[in-house]
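Quick notes on the structure that follows.
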């Protein structure tokens, strides 16, 4: 968790989970925020027409884990147990490579927020601006990143049994959802994008809970200033 505890706590920690992930979120005042080790930064980005940007990961985390692990028994176990959490194309590829039957027809998509890993000597906000440009083709001139607060997220992936850490920042853009769609070019990280209307974030999904939590953090930080 680094030294984020030195920043003032804004909200009580909250834990959300589904069949794939378990996420613990803690909101802090921004203050001095520096990355002391490799981690990822994500942006909870709201459009000018009150929608939040959702990214469709090019390869699911599960597919990437099976494809790159050198442990053959692990490959087989993960495929047999969790292959319904992959796209049809991913299952077809691994079914062929592992000589295992494909027993599902569910076209699962990993929904994530724009962002990525911090590079050496890169600030947290610069990392997010770079990632949004790379993934969504949106320049920094269209972005306003909230620097009053941040959310630390500890993510446990139930499928691949691994932990990840992220810093989430709230971002507003003066582009509409249609303009973002028109700018978007599929890339090696993100194959597509979609949006959820701000009026629909009370639906009980993992990503809507993340959105609601950071909105609450932004409102709390504004009321404290």
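Cβ coordinates are placed from backbone N, Cα and C, and glycine is handled just like the others.
The feature active site, nucleophile is assigned by Swiss-Prot to 131. What Swiss-Prot records for 122, 157 is Mg(2+) binding site. Swiss-Prot lists 135 with the feature Mn(2+) binding site. Per Swiss-Prot, domain 'Nudix hydrolase' is recorded for 35-218, and the stated evidence type is sequence analysis. For 116-137, the entry in Swiss-Prot reads motif 'Nudix box'.
Taking the features listed in Swiss-Prot, we show where each one sits on the structure.
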{"residue": "122", "record": "Mg(2+) binding site", "DSSP (3 states)": "coil"}
{"residue": "131", "record": "active site, nucleophile", "DSSP (3 states)": "helix"}
{"residue": "157", "record": "Mg(2+) binding site", "DSSP (3 states)": "strand"}
Residues with Cβ closer than 8 Å to the Cβ of the residue listed as 'Mn(2+) binding site', same chain and 6+ apart in sequence?
55, 114, 115, 116, 187, 189, 190
Please determine which of the recorded positions listed here (131, 157) has the lowest count of neighbouring CB atoms within 10 Å.
157
Which chain-mates of residue 122 (Mg(2+) binding site) that are at least 6 residues away have a CB under 8 A from its CB, listed by sequence?
130
Along the motif 'Nudix box' (116-137), what average pLDDT does this model show?
94
Separation of alpha carbons, the residue listed as 'active site, nucleophile' and residue 157 (Mg(2+) binding site) (Å):
22
